[in-house]
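Below: the structure, in structure tokens.
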Amino acid sequence: MTKYVILLAVLAFALHCDAKRFTRCGLVQELRRLGFDETLMSNWVCLVENESGRFTDKIGKVNKNGSRDYGLFQINDKYWCSKGTTPGKDCNVTCNQLLTDDISVAATCAKKIYKRHKFDAWYGWKNHCQHGLPDISDC
């Protein structure tokens with residue numbers, strides 16, 4: 001039993017070490033590469049900074065409804081991603097696919113959420129970005 005606990009601890013540490021934290025300008029460059037609308041770029045950066053702290057592997061605390069949020073964009077598993085190994089829900093992805101350093105899958109899902117709900121789908125944006133956005137002019 002002790003061997004399994006140690007193994008799990010080592011694996012958890014190894015997985016966390018692989019996580020990426022974007023710099024603000026690094027995030028802007030990656031979002032541009034993935035085709036995000038330049039006129040909304042400050043909003044996306046603000047959202048990511050307030051939802052995940054720019055960490056690709058962020059898993060949020062359990063929400064009141066029992067759901068969780070995953071990845072850079074903190075995408076919710078109640079509607080958008082499947083907790084299992086089979087892709088599903090509205091983005092047709094697993095939640096683990098949203099936790100990788102390659103954010104292309106997460107970005108596609110985030111764009112889908114935005115198309116349907118705008119930024120109102122994210123509390124991080126609603127609570128922190130409506131009245132002030134980060135300056136990304138140097139990026």
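Backbone N, Cα and C define each Cβ position, glycine as well.
Per Swiss-Prot, active site is recorded for E51 (among others). Sequence-distant neighbours of E51 (active site): residues of the same chain at least 6 apart with a C-beta under 8 Å from its C-beta are K58, D69, L72, F73, Q74, W122, G124, W125.
Annotation source Swiss-Prot lists active site at D69 (among others). Under the DSSP three-state reduction, D69 (active site) is assigned to strand.
Cβ-based neighbour count (10 Å, all protein chains) for C139 (disulfide bond) stands at 17. The feature disulfide bond is assigned by Swiss-Prot to C25-C139 (among others).
Feature annotation from Swiss-Prot assigns disulfide bond to C46-C129 (among others). The Cβ neighbour count for C129 (disulfide bond), using a 10 Å radius over every protein chain in view, is 20. Annotation note: C129 (disulfide bond) sits in a coil segment as assigned by DSSP.
Taken from Swiss-Prot, the feature disulfide bond applies to C81-C95 (among others). For C95 (disulfide bond), the same-chain residues lying six or more positions away in sequence with a CB closer than 8 A to its CB are R68, Y70, G71, I75, D77, C81, S82, K83.
Here Swiss-Prot flags C91-C109 (among others) as disulfide bond, drawing on sequence analysis. Reduced to three states, the DSSP call for C109 (disulfide bond) is helix. Counting every protein chain shown, 24 other Cβ atoms lie within 10 Å of the Cβ of C109 (disulfide bond).
Annotation source Swiss-Prot lists domain 'C-type lysozyme' at 20-139, citing sequence analysis.
The feature signal peptide is assigned by Swiss-Prot to 1-19, with similarity to another entry given as support.
Ranking the recorded positions C46, D69, C81, C91 by the number of CB atoms within 10 A of their own CB puts C81 at the top. Calculated from their C-alpha atoms, the gap between C91 (disulfide bond) and C129 (disulfide bond) amounts to 25 Å. The local packing around C25 (disulfide bond), expressed as other Cβ atoms within 10 Å of its Cβ over all shown chains, amounts to 12.
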